[in-house]
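A short write-up of the structure that comes next.
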C-alpha cells in the first residue's frame, strides 16, 4: 500500500508541475438574458434590445426640413382660406403637417369639404406648393362678391374664404357666368369651388334672382351639374344655410370650365403642387420644438438605430418597423457560464468545459497557459473578429428581412369615412400582428444560431490546438492540454498564433510520455497485488463462516454429539 501511495503522489507531482495551455471563452457578471426557440432566459455575456421605446415627446424637423403647425386653424380652414388663417397663407414647404384637433378656425360658414379624407391623404404626399391666383374675380361679369358675418377677418370685418369668391346678384341681375382655367404651369394644380344651398327658395331669389339656379363644372374626362338643395340645417355662427366645397387636381395641359347662374362659389386662388413626397398630417396639441429627428410619430421623434419600435404605427421618415412587443433581445455575446472559483489542484487553470473566464480582455475566445514563468491569458482576436462580423451580418439581415413596403393609411381620414377607418384599422392590426410574430420568430431563431455558433467557435479553436500539438500533449478533456515538454512564454505564443512546430519538441515529449506511462503501470500493478490479497482474505473468512454455521446446525438437530472421556 505504501508503494501505491508513493506512485500516486509521484503522478500528481508530475501533473501539477507540467506546462499547460487551455482554450476558453469570456464570462462576465452580466445579468443579460435572451430567449431562444427551445429555452427562455438564457444568460449571455451581452445582448441588444431591438425595440426602441423612447421618443422626444415633441415635434421636430425631419431630416433638416421643418414641419408646419397650422396653429389655430384646421386643415379645412387653411385650404379654403378662412380669413382668420391669413398667417398660414405663406406656407410653401414642410416635412409634415401638424393640426390641433381642437383648432377654433375651420370652416367658418356651415358646410363641409367634399372628400376631405382623400384631400388630406393627397396632402400627406405633398412636400411643397405655391398659392397662386387662378381666375381674377373681376373677370366673371355682372356679379358682386358676397361676404358674411360668419367669416370675419382679423379686424372683425365681414369677409369670406380668401381662396373662393361668393357671387351674388348685381343690380337685381344674375346672368349666366362662365370661365375656363387652363393649366399651363407644367405641374398639377389644386382647384377649389363650391355651392351655396340657401335655407329657402325666397332666400335663393333674394341672393341670385333665379329661383332654380344651377352650376356646371366640367373637364375633358368628367362633368358635374349641381342644383341647389334648399332647406334649414343645423348651423353655427348665426347661419342656417349650407356651403359644400369641392376640389379637383388639374394636371398639366388640362382645363376646367365653370358655368353658373346662381349659388356658385368660384375659384380664385389655387395651389400649384411643386413637389410630391412622403408626409403626414398629425393631429396633436403638442407644439413644435427646436430639434431634429429622422423618424417622427404623433407623440414624438425617434432617433435610434434599433430595428423595431413599439411607439406608434403611424411613423414618418426613416423609422424602425412597428411591432407589438415590449422587448426583443438579440444575443450578441456568448452563453454566460460563471467562472468556477476554485479550479483543479492548487487552483490550476481549466478550460471551457469548466466555465468561462472573467479575465479575458479584448476577445470572446482565448487561451490561458501555465508554465515555469507563471500564468497568462490572451484573447484570440481572429476568431473573435469573425464572430463579431457574423453577428453584424445577422443584425443587418434582420433589418433587411423586416423592411416591407406596407404603409399605414390610418389617420388620414375624418369622421365621414368611418368605414374606411374601420377597414384601415383591421388591416393595420392584422399586418402588425404578422410583423410582430415574424420579428419574434426571427430573433428566437437567430439567438439559437448565435449561441450554437459560439459553441462551435470554441470547439474549433480547441481542435486547432489539438492538431498543432499532436503527440506532444495530453488532451485532458476539459479544454486543456498538458504539455509533455517545457514551454516558455514564447513557445506558448507559437501555439496561440498557429506557428508551433511539434517536431522541435517531439523527442522531449516522447520521453515524458514514457515516464508518465511507467508510473501509471507501476501504480496499476500495485493495485492489482493489493486486490489479490484482499480477495484471498475475504474468501477465507467466508469459508470459515460457512463451516461454523454447518456445525451449529448439525448440533442443534442432534446429528452431532461430543463425547468427553475422563
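Cβ coordinates come from backbone N, Cα and C, glycine included.
Note that this is a predicted model, so its numbers are computed, not measured.
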Where Swiss-Prot places transmembrane segment among the ranges 512-532, 533-553
533-553
Any same-chain residues 6+ apart from residue 85 (disulfide bond) with CB under 8 Å of its CB? Would you list them in sequence order, or say none?
70, 71, 72, 73, 77, 78, 105
For residue 73 (disulfide bond), list the number of other Cβ atoms lying within 10 Å of its Cβ atom.
22
Of the recorded positions 151, 182, 305, 487, within 10 Å of residue 295 (disulfide bond) (CA to CA), in sequence order, we find none
Out of the disulfide-bonded residues listed (108, 151, 319), which are within 10 Å of residue 305 (N-linked glycosylation site), Cα to Cα?
319
On average, residues of the topological domain 'Extracellular' (19-532) score a pLDDT of 86
When DSSP states are folded down to helix, strand and coil, where does residue 108 (disulfide bond) land?
coil
My understanding is the cutoff is Cβ-Cβ under 8 Å with a sequence separation of 6 or more in the same chain; which residues meet that for residue 183 (N-linked glycosylation site)?
189, 250, 251, 252, 253, 254, 255
